[in-house]
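S.K.: Take a look at this one; I'll ask things after.
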């Protein structure tokens, strides 16, 4: 908007400033010789108003009017006195005539003080006075009279104008818009046209992603343009005057605007950022300043409704989420995104089946192996070193069906004639700024990659223009290939949910009908498609400036790069080292948003023409047109909800009720099954199957049972979509998106069950029904009873599979870095075969015993183990003596020799200070023979003293565990 130039007379009707009277100075009368100002002239501080001389010298002027000095020069007898202004203002009245003698203190001129209607950084544009440095005689700063309180220029909040001049400029803007038959569109950036993240982008070479820094030392930001963004802006700019309004910083807003509009043809200076916001929590505070005459011609598109306080002229946009785990980076303070940064699930469209299984890249994009990306941004790595320049992709291929043709007629918000006449949205909106590895920006090599290349400022415009025609033939092939890769319907047929477009919280896009996209529909075209892949990607370097690649645009990009802290080849050369992968971002919401805005524009000027013809008395207002068009979407629908919110919560406060009412639907609370009842429902929106309402509604043929995605799809398209595309399935609650607008979950999430708990919490073991066999001399546990697998020692349920503690054929993973012995079907001879369990300090650190208690218990265990070691030594020496004196009793000798093995093992473990309970393993033959021997000689080796010792040892070990 134009700003009044300095020196302009204040607008008529402005408040009258204080009028000051300038009086004749000095004690003696003065004669006025001449005026240096005229009535209506603007004066500044120090300007000469008049020239005087003393009145006494005027009486004797006839005799001695002048005298000759010694040098021969003539000078006046009395010096002239100049009257200077002490304040700035406008001369309203001259109270004396030249030649008149003015008495001391008489009024000479009446001066109206400057109202400072235009102020720039504290300086008045009318009088030039510095309003920040006015000092009064007592040293306190004066408060000057200034009427400049309105900031009308987006990016210059320091430029203030008076409210009267603001209204005058506002009326001029409205007249200009009416002459051009345009409206005003306030455009949000984050998650509306772009998606930005600070997270490391592993696929740095993904097409359509810009990598930049806002300053030295700042984190690298990665911005993805929404598909069809450039095409959307270029078409809407013909109907609307675009204004950018974002909660991002000023540098961020201008950098993103440079990506979207490098030639400054779409937004110009109309960029409003967080630094210019009056209210950091709301965007409505600046509307009064930007549009002093009201926002009756202003339409708003934003993904957030709260920041606009649910304004009636707001069109809610489906959130655009490309980077997983990142929401709105510039969300207002106190919002959910700024506090929790919750991960947003983003459903992406599925690809056409390929011979090899699809691969999921870290960005969450399903990609077909072996297919190079060709979405109109840049060439594959093998072609980027060539000399071909960027080529536009704005010309649609003749005969190629429009993307909107794949949707059912009931979903299209416009007529078939409008769809046929509308140009096809191109993929040129998804663009990326990168530099070929073999090129340096400072060398001026031919064919620098992109129209908007952050690292290039020496693009050759001549070669760029020369190669446009040569690559235009391959544009249609690349577009046709992407058209064939549209998502296919699910096997359920008409019951498939929408997956073809990116899903916004709670408002999914409906998929194509089953009959229109069969899995093998384009099978014959697969080989030509892959064969012409290289040719289809040769045009990949799509420009951001309407397909115009010239030097001026490259210079603009270079300036934006320097402003944002990205130097030539600093961060983008290395991004091309990785192999390009296909981008399958199938978000097409901007296509439907464009149709909605066209409908609003058409309806406004249809009413405006009627207003000019005196057919209607009231001028059209966007704030009434948007709700009126929106309320016609579901005007003949009666909705009843089931399972979307708690029963004790008022339904009027839910988002489903708010948006359904805005779409014109009638909300019912009681299900009426009679088809002839006047208050019967036509649609039942349920969150889960199996409820009483759902079972009753499914028996009625006139009632549509759909899931909540049907409502959000109607909202994002402003059209009643097909109910068959959104059936209610049993697993809908499980597959429900986390970013759904539904504010209340239907059920508490069940914690996931781990297949193997890394640190199971095992309380003190309880005596089980199994039989334990102990050694008669050492008191060690030899084995448990052969009544089946050993039961877990814990009686409390542990959140893991039962098989995680049992012996299974695959090797068990190591716990705490120790080797686990091989389990042998329940044969675990003693502590040497027992798995190490986590200690109390590892599982329950707050209940750990103190150091003194542990030392005391260790001492007791060492004493017990020492006694057992002495007994085992004596038992070991006994068979050695028996070998010297042969005896006929062989079973006894065999038994004693067998018992020597665990004793020596225990002695070596105690002497070497190894881990307690970590013993040498026995072979299967020893275990089998020992089991059979102990079963036959069990009664012979039992003693009361050994039993007491074994019980004491087991109790101590259980306490330690």
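Yeah, the Cβs are placed from backbone N, Cα and C, and that goes for glycine too.
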S.K.: Which one of 707-729, 730-752 shows up in Swiss-Prot as region 'Disordered'?
M.R.: 730-752
S.K.: Candidates are 136, 428, 869, 931; I want to know which one Swiss-Prot annotates as phosphoserine.
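M.R.: In Swiss-Prot, 869 carries the phosphoserine label; others show none in the record.
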S.K.: Between 356, 395, which does Swiss-Prot record as phosphoserine?
M.R.: 395
S.K.: Look through 558, 839, 944 and state which residue has the annotation phosphoserine in Swiss-Prot.
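M.R.: Matching 558, 839, 944 against Swiss-Prot annotations yields 839.
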S.K.: Between residue 780 (N6-acetyllysine) and residue 674 (phosphoserine), what is the CA-CA distance rounded to a whole number of Å?
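M.R.: That comes out at 79 Å between the alpha carbons.
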S.K.: Among the modified residues 674, 780, which residue has its Cβ surrounded by the fewest other Cβ atoms within 10 Å?
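M.R.: Counting other Cβ atoms within 10 Å of each of the modified residues 674, 780 gives the minimum at 674.
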S.K.: How about long-range neighbours of the compositional bias 'Basic and acidic residues' (850-859): same chain, 6 or more residues beyond its ends, C-beta under 8 Å?
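M.R.: For the compositional bias 'Basic and acidic residues' (850-859), the sequence-distant neighbours (Cβ-Cβ under 8 Å, at least 6 residues beyond its ends) are 956, 959-960.
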S.K.: Per DSSP, how many helix, strand and coil residues does the domain 'BRCT' (629-728) have?
M.R.: 32 helix, 16 strand, 52 coil
S.K.: How does the compositional bias 'Basic and acidic residues' (850-859) divide up by DSSP, counting helix, then strand, then coil residues?
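M.R.: Split into helix, strand and coil, the compositional bias 'Basic and acidic residues' (850-859) gives 9 helix, 0 strand, 1 coil.
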